[in-house]
Amino acid sequence: MAQLLNGKLLASQRAAKLKEEVNKLKQQGIKPTLCVINIGNDPGSKIYLKTKKRRAAELGITQKLYQLPAEVDQANVVKLIDQLNADKSINALMIQLPVPHQLNLNEALGRIIPEKDVDCLSPSNVGRLWRGDHFVEPATAHGILALLDHYDLDLHGKNVVIIGRSSIVGKPLAALLLERDATVSILHSKTRNLGEYTKNADILVSAAGQPGLVKAGMVKQGAVVVDVGINRVHGQTVGDVDFADVAQRASYITPVPGGVGPLTVEALMEQVVGLTRRQNGR
Ligand code: NDP
């Protein structure tokens, strides 16, 4: 039976340290502030926003929310971003995803100044990431590496297979893993025969958002399995991995919930504090 990679516990340990850092900054008159722009009423976003708000409050980080109507046009989104870019009281700025289809998301993300781009989605920060410059790191990828490091799971020369090529999970994670000398494969919905790749993975990361996608037969004996997926099935939160069966083959596995999720929120807050420090020359 695999050992659990306990993200919830690690997140709370890291939060204790981060809270101290926030307190020190506050003693110097610096109040780390995250601003989130939410557009429309996506039900998943509501849950994420609530979690962020709670975690920020626990850490002493100020969180501001700008709620825009679903039918807002691009010009008004850009206007708000420009206003928040210029607002010195805001250290970190992000757009809650997804956004309504009429909007040009890439243009909006590109409008956020790199100094405040906490999600690392502006073109220059994405470029920096692939160049190995850790200006800001995308939260989920950062959280996954923190978890693997905490359990001393070596990445050097390992075959890592990631299912999912999104800009927020698969691609930035690949960039960070390459830098750590892993051999990385990224699979997606057009990949033929996923199992051919996943069976060779020393570390398998699934970020597809498809419950039941990863079956025990697709996993190498002794592999490390990281389940990023968050899916609602019959009122329960499950990942992409058939947990009970895969846990019999894997050496380590993340639970869902309690694995990558808590670390993502924690890592986001760490990035907020990192950006705040840099803006204040600390
Ligand atoms: P996206 O929908 O943006 O990306 C999903 C990716 O998975 C795409 O690249 C897609 O391929 C691929 N994919 C979908 N179905 C299959 C399949 N059957 N076989 C192979 N590849 C497939 O999602 P996100 O990256 O935003 O999120 C992925 C999951 O992770 C979701 O469940 C989300 O809720 C969760 N998540 C969890 C976080 C956490 O902290 N735990 C943080 C962020 C996300 P293609 O590109 O071809 O469409």
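Cβ atoms are placed via backbone N, Cα and C, with glycine included.
Automated prediction, rather than curation, is the source of TrEMBL annotations.
Pulled from TrEMBL:
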DOMAIN    5-119  domain 'Tetrahydrofolate dehydrogenase/cyclohydrolase catalytic'
DOMAIN    138-279  domain 'Tetrahydrofolate dehydrogenase/cyclohydrolase NAD(P)-binding'
BINDING   Gly164, Arg165, Ser166, Ile230  NADP(+) binding site
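Mapped onto this structure are the features recorded in TrEMBL.
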{"residue": "Gly164", "record": "NADP(+) binding site", "CB count, 10 Å": "23"}
{"residue": "Arg165", "record": "NADP(+) binding site", "CB count, 10 Å": "17"}
{"residue": "Ser166", "record": "NADP(+) binding site", "CB count, 10 Å": "16"}
{"residue": "Ile230", "record": "NADP(+) binding site", "CB count, 10 Å": "21"}
Tally of DSSP helical, extended and coil residues in the domain 'Tetrahydrofolate dehydrogenase/cyclohydrolase catalytic' (5-119):
61 helix, 19 strand, 35 coil
Whole-number mean pLDDT, the domain 'Tetrahydrofolate dehydrogenase/cyclohydrolase NAD(P)-binding' (138-279), equals 98
Mind computing the max CA-CA distance among Gly164, Arg165, Ser166, Ile230, which the record assigns to NADP(+) binding, rounded to whole Å?
16
Secondary structure tally of the domain 'Tetrahydrofolate dehydrogenase/cyclohydrolase NAD(P)-binding' (138-279) (DSSP, helix then strand then coil):
54 helix, 28 strand, 60 coil
